[in-house]
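Asker: Sharing a structure below in structure tokens format, with a few things to ask.
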Amino acid sequence: MANFPDSLLILNGKSADNQPLREAITLLRDEGIQIHVRVTWEKGDAQRYVDEARRLGVETVIAGGGDGTINEVSTALIQIRDGVVPALGLLPLGTANDFATSAGIPEALDKALKLAIAGNAMEIDMARVNDKTSFINMATGGFGTRITTETPEKLKAALGGVSYLIHGLMRMDTLKPDRCEIRGENFHWQGNALVIGIGNGRQAGGGQQLCPTALINDGLLQLRIFTGEELLPALFSTLTQSDDNQNIIDGASAWFDIHAPHEITFNLDGEPLSGQEFHIEVLPGALRCRLPPDCPLLR
């Protein structure tokens, strides 16, 4: 391990006092591995630290946090227009860690850290929304977005991904479907959507497999729509397989256009974006990411 190039870890401020992480980094440094550590405090820090990583000449920038941290770091990396672009390493430290979990990143800190530094760097896709923002994992709309956006931080901290489901059940009487129209390559649908998932990755909301067949290096986005007028019957019906379920609509395309007669909100790796018109397109091979050899998200 001692011959591997330098890395820079961008650590979410919520994990700054993580003692096991501090010990894992110390052990690797004792092996001769140079790991720079920078802690985020406010929005925009990740971009500044990626710029610093380039000046330092590191080969890997590690995102230490949840899906939001991974989104910030990966978005900063794909904005690099010239020179060598560092690879992305993943260190899952958030509440749900949906992208890292579905990619097969080890839960053990020391193993995840070693993979982030020394793992094979594979080209993976990202997605751009309305030419101004991006996501690496998934865009979710409807019921799922309102739940993940409104779930209290204390509940998430105490219960992790299960908190989203509990908060959703508590709010069930106020949740209504979104009327919208969705177009893609050889795809057109119009109706009432309770949940919309457009995935580069497979899961969101604390482990919910919204796009179970998505791959991150196939140049496509997977779409899944949960339809219906009433939430509770639709949720029960989704316990069946999608092949037998009239409340589930699936699609795949390099792009999707979404129009709604009223404002709807999409959650992009944890960041809300509201509007009536959305153009979502895949960015093939947008960056390199260090992944396990048996990563289920690779074709």
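Here the Cβ of each residue, glycine as well, is placed from N, Cα and C on the backbone.
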Asker: Among THR26, THR60, THR95, which is the one Swiss-Prot gives for the ATP site where THR40, GLY66, ASP67, GLY68, THR69, ILE70, ASN71, GLU72 also bind?
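Answerer: Between THR26, THR60, THR95, Swiss-Prot records just one in the ATP site with THR40, GLY66, ASP67, GLY68, THR69, ILE70, ASN71, GLU72, namely THR95.
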Asker: Between LEU220 (Mg(2+) binding site) and ASN71 (ATP binding site), find the distance joining the two CA atoms and give it rounded to the nearest Å.
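Answerer: LEU220 (Mg(2+) binding site) to ASN71 (ATP binding site), Cα-Cα distance: 18 Å.
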Asker: Please classify the secondary structure at ASP67 (ATP binding site) using three-state DSSP.
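Answerer: Reduced to three states, the DSSP call for ASP67 (ATP binding site) is helix.
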Asker: Are there recorded positions among LEU215, ASP218, GLU271 that sit within 10 Å of ASN71 (ATP binding site), Cα to Cα? If so, list them; otherwise say none.
Answerer: GLU271
